[in-house]
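Features as listed in TrEMBL:
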BINDING   G16, N17, I18, G19, A20, G21, K22, T23, T24  ATP binding site
DOMAIN    12-191  domain 'Deoxynucleoside kinase'
Amino acid sequence: MCNFNGMLNRYIVIEGNIGAGKTTLAEKVAKDLGARLILESFKENPFLPKFYSDPQRYAFPLELSFLAARYKQLKSELKQGDLFNNLTIADYYLMKSFIFAKITLSDDEFQLYRQFFDMIRSLSAKPDVMFYIHRDVNILKNNIMQRGRSYEVSIEKAYLSSVTKSYFDYFKEVKDFPVVILDASYADFHQYIHYKQFIGLINKSYPPGVTRVKIV
Ligand SMILES: Nc1ncnc2c1ncn2[C@@H]1O[C@H](COP(=O)(O)OP(=O)(O)OP(=O)(O)O)[C@@H](O)[C@H]1O
C-alpha cells in the first residue's frame, strides 16, 4: 500500500476505445499503488452479444442497461468520503455510455436516451483526471481479434473509428476536469519503459480540458 497523502489525483479514470487496453492498465496500476479498482462489468450484460448480431434491434436496451448498471456501480463506489480517503482507479467513466449511445442509437432513440442520461449525469462524481489511451484502429482491431471474444469478431474498423470520433467530439466539450490524451500507438504498457511513463503522469497537475502526451 502506498501513502496517498501526497497524491494530487485521487479519482483517476482510464478510458479508451474497445481493445485499447484500459482494463489491463487499470488493474496493474491499482495493484502497484494499492488503489481501489472499479472495473466495468460488461460480461454480465445479456444484450451485448445480441447487439453485435443485430445492432438496430438491441442498441436501445443495451444502452439503457449499460447506463443503469454504470450509474448504480459508480453511485455505490464513489461516495465522497471514500474518494477523499482512497486512491481510486476506474476503467470507465459514466460519459462512456453517452459516447457510445450517440453512435449506436437512431436519432429519436438518442433523444429519448438523453432525457434519462441528463437526469443522472449531474449525480455522478467527476474524475480528478481522465487518461484516454489513444490507439490506431488497426491496432485496436488486432487486439480485439487476439483476445477472441466471439461476439466481438464482427466489429469493423469503421465502427472503431466512429467510437474514436465520438470520444474526441466529447473531449472538445470538457471544460471542468483534465483529460490527458495519451498517444499510445507505439506503446505497450506491459513493457516497463512505457508503464513507467504512465506512472509518472498519474500524479501531475493538469489544466481542465485536453492535454496531449506521447508515450515513446
Ligand atoms: N455503451 C455501449 N454501447 C455499446 N457497446 C458497449 C458499450 N459499452 C461497452 N460496450 C462494449 O462492451 C465491450 C467491452 O467494452 P470495453 O471497451 O469497456 O472493454 P474492453 O474492450 O475490454 O476494453 P480494454 O481492452 O480497453 O480493456 C466491448 O465490446 C464494447 O464495445
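Residue numbering: from 1, along the chain as shown.
A Cβ is built for glycine as well, from the same backbone N, Cα and C atoms used for every other residue.
Small disclaimer: the values here were computed from a predicted structure and weren't measured.
The secondary structure of A20 (ATP binding site), as reduced to three states from DSSP, is coil rather than helix or strand. In sequence order, L25, I133, R135, L140, N143 are the same-chain residues whose CB sits within 8 A of the CB centroid of G16, N17, I18, G19, A20, G21, K22, T23, T24, the residues recorded for ATP being left out. Take the binding-site residues G16, I18, A20, K22, T24: by the count of other Cβ atoms within 10 Å of each Cβ, the lowest one is T24.
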